[in-house]
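Peer 1: Quick one: the structure is below, and I'll ask about it shortly.
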Amino acid sequence: MTNIQKTHPLMKIVNNAFVDLPAPSNISSWWNFGSLLGICLILQILTGLFLAMHYTADTTTAFSSVTHICRDVNYGWIIRYMHANGASMFFICLFMHVGRGLYYGSYAFMETWNIGVILLFATMATAFMGYVLPWGQMSFWGATVITNLLSAIPYIGTNLVEWIWGGFSVDKATLTRFFAFHFIFPFIIAALAMVHLLFLHETGSNNPTGISSDADKIPFHPYYTIKDILGALLLILALMILVLFSPDLLGDPDNYTPANPLNTPPHIKPEWYFLFAYAILRSIPNKLGGVLALVLSILILVLMPLLHTSKQRSMMFRPISQCLFWILVADLLTLTWIGGQPVEHPYIIIGQLASIMYFLLILVLMPVASTIENNLLKW
């Protein structure tokens, strides 16, 4: 009798990706985040779909429609807060996933890595547009400030910003198009994620040692399916604790005030997961310079395979690189804290030093440390 899961064209793809996939026997929980990101994406698409059924993308009614969802729609409050905090969980998983890739040298799979960087950009764009939709004060002013950054592009900047706005300021046209893009982007992300997996399955997964695991593979199911289910349960537990106990912990109180173009909030800041990039942007006094630093702070990930000077792929056996990696993590946490602080002494200088440190660590110190470690191997 033929096994349908190995013969049916569709089932065969699923089987080869999630059941009979040969996986390294030693991958740790740091390899759980890929599946967790998939769960986050599905959760966001589903909650987003139900929110879209009740939301109106019009400047006069957007804020009221979100209030209506929370007060009058059956379980609307939990759907709204799962969506808002689901974005936070999404970015926590994203940062962990990228951090894992940096630590264990997963960027050696260049196609997979580059698609991942595109996915990161797409997710950030989606989250930004989603933050504009409730049309609170921070939504409006966040949209104004961030889109305005494009005016720093020489010659075409101003025209580009007005084209994106659909007018001379952030208004009804902007909100409508942001809603349209925010709806379509997660499906583009899902398609890109499939390409990401396609490229990953061409090479197979990396593992903590960074050594080829071809000699010791185990089937994905049941070993890693059960491991992923544990990860998923912990993710959902963390999300539901956040949603049910402190749903507004990561939000901004200003967003409970309807958007008012005549009243600027004292401190305009994005959601917490963009604060590190926002701090880098603010640390440069020049507008164009700040925008370039902002883009490069993420785009620098593309250079990781080129900056890898070590003879070993993983950092598992490289203590100096490990030390620098954790300094980089601490630096990013510092930038996140600074991004949420007002622009005044001593925060300005701390932000500037942390920004310099960020680029210095990635572009200079880590490649140099790798070279030193290579020479230490000869001892």
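Backbone N, Cα and C define each Cβ position, glycine as well.
Taken from Swiss-Prot, the feature heme b b562 binding site applies to H83, H182, supported by similarity to another entry. The heme b b566 binding site annotation in Swiss-Prot covers H97, H196, and the record cites similarity to another entry as its basis. Annotated ubiquinone binding site per Swiss-Prot: H201, in sequence order. Look at Swiss-Prot and you will find 33-53, 77-98, 113-133, 178-198, 226-246, 288-308, 320-340, 347-367 tagged as transmembrane segment, backed by similarity to another entry.
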Peer 1: Provide, as an integer number of angstrom, the distance between the C-alpha atoms of the residue listed as 'ubiquinone binding site' and H182 (heme b b562 binding site).
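Peer 2: H182 (heme b b562 binding site) has its Cα 29 Å from the Cα of the residue listed as 'ubiquinone binding site'.
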Peer 1: Is the transmembrane segment (113-133) in contact with the transmembrane segment (226-246), using at least 3 Cβ pairs under 8 Å (sequence separation of 6 or more) as the test?
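Peer 2: No, since the transmembrane segment (226-246) and the transmembrane segment (113-133) share fewer than 3 Cβ pairs closer than 8 Å, they do not count as touching.
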Peer 1: What is the total of other Cβ atoms whose distance to the Cβ of H83 (heme b b562 binding site) is within 10 Å?
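Peer 2: If we count other Cβ atoms within 10 Å of H83 (heme b b562 binding site), we arrive at 21.
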Peer 1: So which one is it: of the binding-site residues H97, H182, H196, H201, which has the fewest other Cβ atoms within 10 Å?
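Peer 2: H201, out of the binding-site residues H97, H182, H196, H201, has the fewest neighbouring Cβ atoms within 10 Å.
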Peer 1: Okay, the transmembrane segment (347-367) and the transmembrane segment (288-308): do they have at least three CB pairs under 8 Å, pairs separated by 6 or more?
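Peer 2: Judged by the Cβ rule, the two regions touch, with the required three close pairs present.
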Peer 1: May I ask for the distance between H182 (heme b b562 binding site) and H97 (heme b b566 binding site), taken between their Cα atoms and rounded to an integer number of Å?
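Peer 2: That separation, Cα to Cα, works out to 23 Å.
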